[in-house]
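Let me begin by presenting the structure, written as structure tokens, before commenting on it.
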Amino acid sequence: MDLAALRAKTPDHWKLATAIRVLAIDAVQAANSGHPGMPMGMADVATVLFRNHLKFDAKAPNWADRDRFVLSAGHGSMLLYALLHLTGYEQATLDEVKNFRQWGARMAGHPEYGHLEGVETTTGPLGQGISTAVGMAIAEKSMAARFGKKLVDHKIWVIAGDGCLMEGISQEAIGLAGKQELDNLIVLWDNNNITIDGRVTVSDVTDQKARFAASGWDVLSCDGHDAEDIDRALTAAKKAKRPVLVDCKTLIGFGSPNKADSYAVHGAPLGDAEIKLTREAYGWEHGPFVIPAEIKAEWEAIGAKGAAERAEWEARLAALPAGKRAEFERQMARGVAPKLAGAIRAFKKAQSEAAPKVATRKASEMVLAAVNPVVPETIGGSADLTGSNLTKTSDIEDFMPGNHKGRYMRYGIREHAMAAAMNGMWLHGGVRPYGGTFFCFTDYARGAMRLSSLMGVPTVYVMTHDSIGLGEDGPTHQPVEHLAICRATPNTWTFRPADVIETAEAWELALSSERTPSVLALSRQNLPTLRTKHEAKNLTAKGAYVIAEAEGKRQAILMATGSEVEIALKARALLQAEAIGTRVVSMPCMELFAAQDEAYRKRILPAGGVRVAVEAAIRQPWDRWLLGERGMERKAGFVGMEGFGASAPAERLYAEFGITPEAIAAKVKSLL
């Protein structure tokens, strides 16, 4: 490629793009770690995007109506960091660029949400960014429908690489976006034909443009190093009536004489000698991390070009009726709906009196019927299991082309994209997403669920059919290890409610959470209401509490969750009949219990006596409460699952696997 000809054709563009490239090269070299090739290859596309098309104001990084820019190919993080520094984001200082990938740095190896303003989402696991962006596009459409396009009218731009498009989640996401006709979503494909193993063709022959077209997208192409051709394609993309893929043909490591267009430049520093040659090829005579003042000033002018449009937008916002403005600002700031607590309180009181015997998945539906009318920002959904997850209430309609006021997503059999899209909805602002599937299929959503926890995104995962209690569908659908997996994930609340009251309390906590996602593990089988005396306080917020106290001298404590709390209470009755004083502790959320002060934990689980945990899942998460926290191994037992389940009616399964009142009582007596 003739670099001199490109430099001569668009000299102003060349200087701006070269500033990105050299910052990326220098930061990776200084860190002795990173990925310079992608920023070098996509600098031209990014320059045209930020200079001519992206709506943003670097001095107001959280402006509600800004365009969102998602770097799905997160390994190329220095592309984003260089842009944020050059355009004048306050937190993106040159010192931070120099501190790339170091302890305490805002500029982490892969972009991390919450570390640096301008980073819209955490990326790095390939395919997550493009899928999260689909959720952002859905949220934009929802907010525009509710508040009007004078307040909400922006695009979601994504840079994705070959690896993003190979990941299975990408097909789920592009299929969902195509079905929803999300014309506010534009994906810029860094088509450099290189992976770590070599040419893309060593592992893939997919016609990506045909794949996107078949999924309902418009497809455009450009020379990713020709500023005028890039501008033409991006201008056309903004006018499309469907989501757009722009095929940007690029060279990875553009300008490196010996490493461009090879995997050698993907994930390692260029080295001093190659950097010298590359600078010469660019015509860049400045030292490491030196950006001439006139180039920095031009970039900062680009960063300020949205200020006037933002001021006009703020005037429109200020002119709204006070109530509408306050509600818009609350939803964008992700504030808790003011009527939520009252709705939950009234629901609990009514259900304590009615004492229904319902599955907790049905209880969840009942809670949502009370909550959705007073929390207008909820958008629910299911991965093709609406009738089983019971996630749709009668007051909400489907979100679809032509009805963006709808608050229910038909995700199809796309668990992973559903989870990522929900992350994107919350990150955009204005939406509280929840979505359902069978608990066993958290396996299909795991990558995005982990990012919920890592980012501090309070997505609500409605996971029904939570144990062998689902019955005849058998071990392929019966979760036994999944509670342990969710509980092992940092910054996750895993709720397994025992009845309709605990279900309501779990929902209140999930919809009030600021920075922690929630998993609601809900039963298929009917469970009785255990708390028939109304308690205004949210007992689930403590994580665990005494649901039945020992009569006489306490000799044993039974700990249980979900459907097994009822079984534990029946075991208590057997033990009490033999004068064995037994306390039953319901533990709907281990994480919240662990967060309580030691005095409370000691009050619920005092030292001495036998402890038995009961749960139709594996033992692994329970040893903290059985062996630790004042427990003793010789006095500790577990009644639950040791392996996978089986296909049979639920009642038979509980009997065959020994999760019965009689087995629990026998376990206690064997430990006395």
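Numbers here mean position along the shown chain, with the first residue as 1.
Placement of Cβ uses the backbone N, Cα and C atoms for every residue, glycine included.
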Among S72, S388, S394 - the residue Swiss-Prot places in the same substrate site as H35, H266, R361, H465, D473, R524
S388
Among D162, D223, D226, Swiss-Prot assigns to the Mg(2+) site of N192, I194 just D162
Check Swiss-Prot for me: it has H75, G124, P125, L126, N192, H266, F441 binding thiamine diphosphate, so pick out which one of G161, G163, G412, G471 it puts in that same site.
G163
One should report the C-alpha separation between E415 (active site, proton donor) and H75 (thiamine diphosphate binding site), rounded to whole angstrom, as 25
Restricting the comparison to the binding-site residues H75, G124, H266, R361, H465, which residue's C-alpha is spatially nearest the C-alpha of I194 (Mg(2+) binding site)?
H266
Among H35, H266, R361, S388, H465, D473, R524, which the record lists as binding substrate, how far apart in Å are the two most distant Cα atoms?
48
Looking at the binding-site residues L126, I194, which sits with the largest number of other Cβ atoms within 10 Å of its Cβ?
I194
Cα distance, H35 (substrate binding site) to N192 (thiamine diphosphate binding site), nearest Å?
14
Cβ neighbours within the same chain of S388 (substrate binding site) - under 8 Å, at least six residues apart
R361, F438, T464, H465, R524
So if I draw a 10 Å sphere around the Cβ of R524 (substrate binding site), how many other Cβ atoms end up inside it?
22
